Amino acid sequence: MSAQSRCSSDLSPADAMDSGEKRLNELGYKQELRREMTLFKTLAISFSTMTLFTGITPLYGSSLLYAGPAALVWGWVVVSFFTWFVGIAMAEICSSFPTTGSLYFWAAHLAGPVWGPFASWCCAWLETIGLIAGIGTQAYAGSQVLQSIILLCTGTNKGGGYLAPRGVFLAMYVGLTIIWAILNTFALEVIAFIDIISIWWQVIGGFVIVIMLPLVALSTQSASYVFSHFETAPASTGINSKPYAVILAVTVSQYSLYGYDAAAHLTEETKGADKNGPIAILSSIGIITIFGWAYILALTFSIQNFDYLYDTNNETAGVFVPAQILYDAFHGRYHNSTGAIIVLFVIWGSFFFGGLSITTSAARVVYALSRDQGIPFSSIWRHIHPKHKVPANAVWLCAAICILLGLPILKVNVVFTAITSICTVGWVGGYAVPIFARMIMPEKKFNPGPFYLGKARRPVCLIAFLWICYTCSVFLLPTLYPIKWDTFNYAPVALGVCITLIMFWWIVDARKWFKGPVRNIDDQIEKV
């Protein structure tokens, strides 16, 4: 036997164990999911959940209309600055608690034995609501892009093209959701492989669009227009207050700059998760911060006629401002819409990849909550597929609820506003619980991982928490005036009903038996 072989054989199981798995065992959980994802694969899924195009594209038109280009452009910079505080605070916690339950698990342990169950209950349900609604936002916006592609392929709105009606739009929404669920039923490496395609799709596609679009456009807006022009549209929005208009204009950035916790949901499947999880979180924020601003600038510089973008008689029927910007640029130079269709397909691909990644994250949260008996019929939803080792039942539960959220498309005009608001408040609101708990907990009770803030943790967590509270408040505001049935933001009502029921369940019953994350490993096993 060689010296190398003898050395390898002398290693104990604890020595050979992955650092993330070792920390997982210390926390009371045994390894059930496959731990085979590298840093790059985890980053790919996290980046795909945030995505370059899917946050900015659907809200670009409304945000531009509220206060003009300057508020939109500089709003991204401001939001990016505060997002770093949230990301850094979460990276530290992720390094200490590399579990698939992520936020929910963090809240339970950071809040302590007295408040831990309630904190994890609130966090888990907020995150679950946000992630499932997040699937809906991707399916709706992806359908919107597909609607524009079909319209341009069939002759444009002016040329008798086909504008998909509500029923067909809903069919596209449901179809995307089902496809994502089917793909998530297969082995995780399939999803990881698709997400690797996604990161290159968005990086290469982003580079091409950002550089090419202003070059293709026959004329571009001046720098003074893009960076300093402020213009409200009270005739269209009903909003006369300039500060209020700016607040709503910045929502496109707030909606785009979250989702980086996806890396935390996959830590039980990531090698060296106590190190690679935080790296993936912060890397995702850095990439999106740079590329997102460049994308906004490319679109804004390429505007040909601001007022024409919102004309219901234009080539894209006034339903999707980025599509009209692309059409004006390519048709103006090449006298056809082929280039615009190709770019829209790249953007649609980004929505497809983003929805796939969010479905992955949503299913992991439902699985983790079910594992700890926090959802009715938990034994069904925590079931792991015996062959593919993925929570298949949780995947289909998320898909079914997402489809139900989309049914009002047939009658209601503000479905996307409501789903977007529910997604943002739930998803980002879930960040607040563990960050607040980390801020107030005694430092001696915190077991830091490789990424540790030390004395900086309180100011970082405070800024992050206040920013989250502000973000959630903004998405509950009315977006159009006067307030009517077809302009009312239904998110406060929908969230109010959901949260009331969840809190009622807690007070009446759940507080008696729900204790937060449930250990699934014997104490003797963890002391190997």
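Every residue gets a Cβ built from N, Cα and C, even glycine.
A TrEMBL annotation is a machine prediction, not a hand-curated record.
Annotated transmembrane segment per TrEMBL: 39-61 (among others), in sequence order.
Residues or ranges marked as transmembrane segment by TrEMBL: 73-94 (among others).
Annotation source TrEMBL lists transmembrane segment at 168-193 (among others).
Taken from TrEMBL, the feature transmembrane segment applies to 199-218 (among others).
For 279-303 (among others), the entry in TrEMBL reads transmembrane segment.
Under 8 Å from some Cβ of the transmembrane segment (340-369) lie the Cβ atoms of residues 45-46, 48-54, 57, 99-102, 104-105, 124, 127-128, 131-132, 134-135, 138-139, 141-142, 145-146, 148-149, 152-153, 176-177, 180-181, 183-184, 191, 194-195, 197-198, 201-202, 205, 208-209, 213, 259, 261-262, 265-266, 322-323, 326-327, 329-331, 375, 378, 381-382, 384, 390-391, 394-395, 397-399, 517, all in the same chain and six or more residues away from its ends. The feature transmembrane segment is assigned by TrEMBL to 340-369 (among others).
Counting same-chain residues at least six beyond the ends of the transmembrane segment (390-410), those with a Cβ under 8 angstroms from any Cβ of the stretch are 33, 131-133, 135-136, 139-140, 166-167, 169-170, 173-174, 177-178, 180-181, 184-188, 359, 362-364, 366-367, 370, 380-384, 419. What TrEMBL records for 390-410 (among others) is transmembrane segment.
The transmembrane segment feature in TrEMBL is assigned to 416-440 (among others). For the transmembrane segment (416-440), same-chain residues at least 6 beyond its ends with a Cβ under 8 Å from one of its own Cβ atoms are 58-59, 86, 89-90, 92-93, 103-104, 106-107, 110-112, 115, 119, 122-124, 126-131, 133-134, 136-137, 140-141, 144, 254-255, 258-259, 261, 405-406, 446, 457-458, 461-462, 464-465, 468-469, 471-472, 475-476, 479, 489-492, 494-495.
Positions annotated as transmembrane segment by TrEMBL: 460-481 (among others).
The transmembrane segment annotation in TrEMBL covers 487-508 (among others).
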Segment proximity, the transmembrane segment (487-508) to the transmembrane segment (73-94), 3 or more C-beta pairs under 8 Å: no
Which of 199-218, 460-481, 487-508 contacts the transmembrane segment (279-303) most, counting Cβ pairs under 8 Å: 199-218
Close approaches to the transmembrane segment (460-481) from elsewhere in its chain (Cβ under 8 angstroms; 6 or more beyond its ends): 62, 82-83, 85-86, 88-89, 237-239, 247-248, 250-251, 254-255, 417, 420-421, 424-425, 428-429, 431-432, 435-436, 438-439, 453, 487-489, 491-492, 495
Long-range environment of the transmembrane segment (199-218) - Cβ separation under 8 angstroms, sequence gap at least 6: 43-44, 47-48, 51-53, 287, 291, 294-295, 297-299, 301-302, 304, 325-326, 328-330, 332-333, 339, 343, 346-347, 349-350, 353
